Amino acid sequence: MTGRRCERTTSPGTGGRLRAEPADFQVQEVPAYLPGGSGEYLYLHVEKTRHTTAHVVRELCAQLGVRDRDVGVAGLKDRHAVTTQWLSLPAKVEPRMGDFSLPGVRILETSRHTNKLGMGHLHGNRFVVRVRGAAGMAEQAGETLATLAQGGVPNYFGPQRFGLGGLNAEEGLRVLRGESELRDPRVRRFLTSSVQSAIFNALVSLRLEREVFDRLLTGDMAKKHDTGGVFLVEDAGAETPRAQRGEVSATGTLFGRKVKPLTADAGALEAEALALFGLSPQVFASRKGDRRLIRVFPAEAEVRPEDDGYVLAFTLPKGSFATSVLREVMKTEVDAPGAGPDTTDEGEAGDGE
């Protein structure tokens with residue numbers, strides 16, 4: 001169960017294969033700021049192959065004698081890739097860094113800064129993805145990618161959020177209905193976040209089906225792409241031209257106690273998505289909730305042909321999934337390797353927490 005996910009583009013797909021080896025899928029974190037060079041925190045620029053962020057953090061703690069809560073990260077990265085990101089540690093461990101060793105992990109750079117790195121302290125992620133088994137399809141890939149860069153890509157949660165076959169969301173539904181025997185609060189939060197994500201995906205799909213993906217509805221909470229400002233749409237006719245120019249987009253609700261459901265036309269569509277799961281907003285009272293853009297715009301989009309396929313490169317805002325772009329270009333479903341609480345996605349953790 002991942003929530004319905006209609007495609008935005010109607011162009012032919014390229015087909016192909018992903019992740020034949022880790023280097024085929026590269027994720028480079030785009031930090032919100034760089035370390036200033038001085039301060040009480042040691043910043044590490046780390047390259048990881050076949051390691052989740054959480055596993056590297058655990059190894060740092062074990063080898064350097066620090067607590068998990070003392071390690072700062074801006075986002076959690078997938079295991080099945082080559083990923084680069086910054087981490088922070090108390091500066092007191094710097095003399096012991098020479099003792100740290102983990103196969104598949106390289107420290108590219110170190111510096112100092114005045115504050116601990118916090119979750120979400122990044123602008124986004126740069127993806128470089130090799131698609132194999134798609135010889136001669138680079139031009140088609142480029143055309144679809146250009147369409148997405150111009151008009152936006154559905155900001156779906158990727159299959160990594162749901163586990164193989166969508167089992168995480170199915171178990172999350174049982175948790176919300178009081179039918180699960182799971183007691184670990186961390187696992188329960190992770191599973192219920194999968195349900196939040198599936199409902200959001202269903203809402204985005206409904207907006208595509210009703211041809212209001214790039215429009216605004218009365219009652220929408222819209223977000224400005226340049227400043228991040230959020231506002232209530234009271235006159236959809238007056239605001240929709242801004243959406244069609246890509247200046248603003250609608251947001252969808254990740255249900256929780258601190259987020260009010262939408263009203264008017266937007267609220268009716270959102271209620272329809274929620275009804276697909278047989279739930280009410282009240283069952284998410286244990287979650288804070290959040291709002292999430294229904295579309296994002298791939299930036300710095302490029303395609304390079306290769307003998308056996310092509311390489312895609314693009315940048316997405318934090319929290320967005322490369323798989324949303326890939327499924328539009330390839331027109332195939334992308335698998336969900338090893339999804340779990342420590343391997344959230346190529347985007348970031350924390351939506352709707």
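Each position is counted from 1, following the chain as shown.
Glycine too: its Cβ is placed from the backbone N, Cα and C atoms.
Note that this is a predicted model, so its numbers are computed, not measured.
Here the region 'Disordered' (1-21) has long-range neighbours at 80-81, 129-134, 137, 140-141, 143-144, 147-148, 151-154, 156-157, 159, 161-162, 166-167, 169-170, 173, 197-202, 204-206, 208-209, 213, 276, 309-310, 326-332, 334-335, 337, meaning same-chain residues at least 6 beyond its ends whose C-beta is under 8 angstroms from one of its own. Under the heading region 'Disordered', Swiss-Prot lists 1-21 (among others).
DSSP assigns ASP78 (active site, nucleophile) to coil in the three-state reduction, outside any helix or strand. In the structure as shown, the Cβ atom of ASP78 (active site, nucleophile) sits within 10 Å of 25 other Cβ atoms. Positions annotated as active site, nucleophile by Swiss-Prot, on the basis of sequence analysis: ASP78.
The domain 'TRUD' annotation in Swiss-Prot covers 152-296.
According to Swiss-Prot, the feature region 'Disordered' maps to 332-353 (among others).
Taken from Swiss-Prot, the feature compositional bias 'Acidic residues' applies to 343-353.
Broken down with DSSP, the domain 'TRUD' (152-296) shows 66 helix, 22 strand, 57 coil. Per-residue pLDDT, averaged over the domain 'TRUD' (152-296), rounds to 95.
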